[in-house]
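**Student:** Attaching a single structure in structure tokens format; questions to follow.
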Amino acid sequence: STAGKVIKCKAAIAWELNKPLSIEQIEVAPPKAHEVRIKILATGVCRSDEHVISGAFRMPLPMVLGHEAAGVVESVGEGVTCVKPGDKVIPLFAPQCGKCRACQSPKGNLCTSNDLNSGSGLMPDGTSRFTCKGKSIHHFISTSTFTEYTVVHENSVVKIDPSAPLEKVCLIGCGFSTGYGAAMQTAKVEPGSICAVFGLGGVGLSVVMGCKAAGASRIIGVDINKDKFAKAKEMGATECINPLDFKKPINEVLFDLTGGEGVDYSFEVIGRTETMISAFTSCHQNLGTSVVVGVPPNASMITYNPLMLFTGRTWKGCVFGGWKSKDSVPKLVSDFMQKKFVLDPLITHTLPFEKINEGFDLLRSGKSIRTVLIF
């Protein structure tokens, strides 16, 4: 009944930096050709959304943020064959067109149709589907899920198991997949290896789960908040250390803990250049691999001693855990349904959508791992 019509609904809008999101009534236009309109039913509050609000991640405002979600297809535009109305779906901030070099290479996963690099805040045709008070509102990284309805390109949505609980599998849209894949897909952690995970938030805990699933013999959690250690050990960390407890740099501490060898794999899941260097220099000088998972602020630059690379270390970045989104998300949902991994321990708070700013307060204060908002 709503197909082909403008839908009026609630959305949380970021009008300006460092201000609470504002719940407004917006108009959501019908999907154009090759686009899909989705009724969002559950969405997670992620640090990347907070980076936009704080100005660390520069994006055009006003904007509907949110990118980790699950919902049901309301209607589709002309030419869409991958989903139909009524399908349960997850929006994809890392799209998969299947045609570009990254999509066609077995090594790649960052499709050229992504809006991560350009940050245009618009649909592929250069326009928006959102308006509020007569003003055009920007989209966020091909998704925009802090709204009852959103419109995405068909490259940015995938159908999932209809029996999946959306309030849990929404985490597969970003946080869980990013961390789990960093270990399984990007680093390709080997059985018996030693891993160090810097940052034990939701994504960091998902890295821990990935390291455990890959068969790592030691998984060392690193965080300055010792309150996170019990949960990290529950998820698979074999030991946890607080850099503030030591007089020497944390990379030296990790060398001491590994008989002077360094770790096989390290993961920076904070988004700070200082910890990226610490994680990198914690690795075995020749065999070690360090993966940057945390999103750094726009203006950050890294200075390091190139001899650290010369000896043979590998330094890698990773987006969405290295997964090809359309290929991997349905399989990850199926794996969850088959109890191959758990998501419940990552979800510390479930709130109604109207309490979205409370969700961000919990994130900023370090009191939550993941807050899921329910519509």
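A Cβ is built for glycine as well, from the same backbone N, Cα and C atoms used for every other residue.
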**Student:** Arg58, Arg101, Arg370: which one does Swiss-Prot list with Gly199, Leu200, Gly201, Gly202, Val203, Gly204, Asp223, Lys228, Val293, Gly294, Val295 for the NAD(+) site?
**Tutor:** Arg370
**Student:** Among Cys174, Cys195, Cys211, which residue does Swiss-Prot annotate as binding Zn(2+) 1 at the site that also has Cys46, His67?
**Tutor:** Cys174
**Student:** Around the Zn(2+) 2 site recorded as Cys97, Cys100, Cys103, Cys111, what other same-chain residues have a C-beta within 8 angstroms of the site's C-beta center?
**Tutor:** Pro95, Gln96, Gly98, Lys99, Arg101, Ala102, Gln104, Thr112, Ser113, Asn155
**Student:** I want to check the contact list for Asp223 (NAD(+) binding site): same chain, sequence separation of six or more, C-beta distance under 8 angstroms. What comes out?
**Tutor:** Phe198, Gly199, Leu200, Gly204, Phe229, Ala232, Cys240, Asn242
**Student:** Within the chain of Cys103 (Zn(2+) 2 binding site), which residues six or more apart in sequence place their C-beta under 8 angstroms from its C-beta?
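**Tutor:** Within the chain, Cys103 (Zn(2+) 2 binding site) has Cβ neighbours under 8 Å at Gln96, Cys97, Cys111, Lys324.
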**Student:** Tell me which residues of the chain lie with their Cβ under 8 angstroms from that of Cys174 (Zn(2+) 1 binding site), as long as they are six or more apart in sequence?
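**Tutor:** Long-range Cβ contacts: Gly44, Cys46, Ser48, His67, Glu68, Phe93, Phe320.
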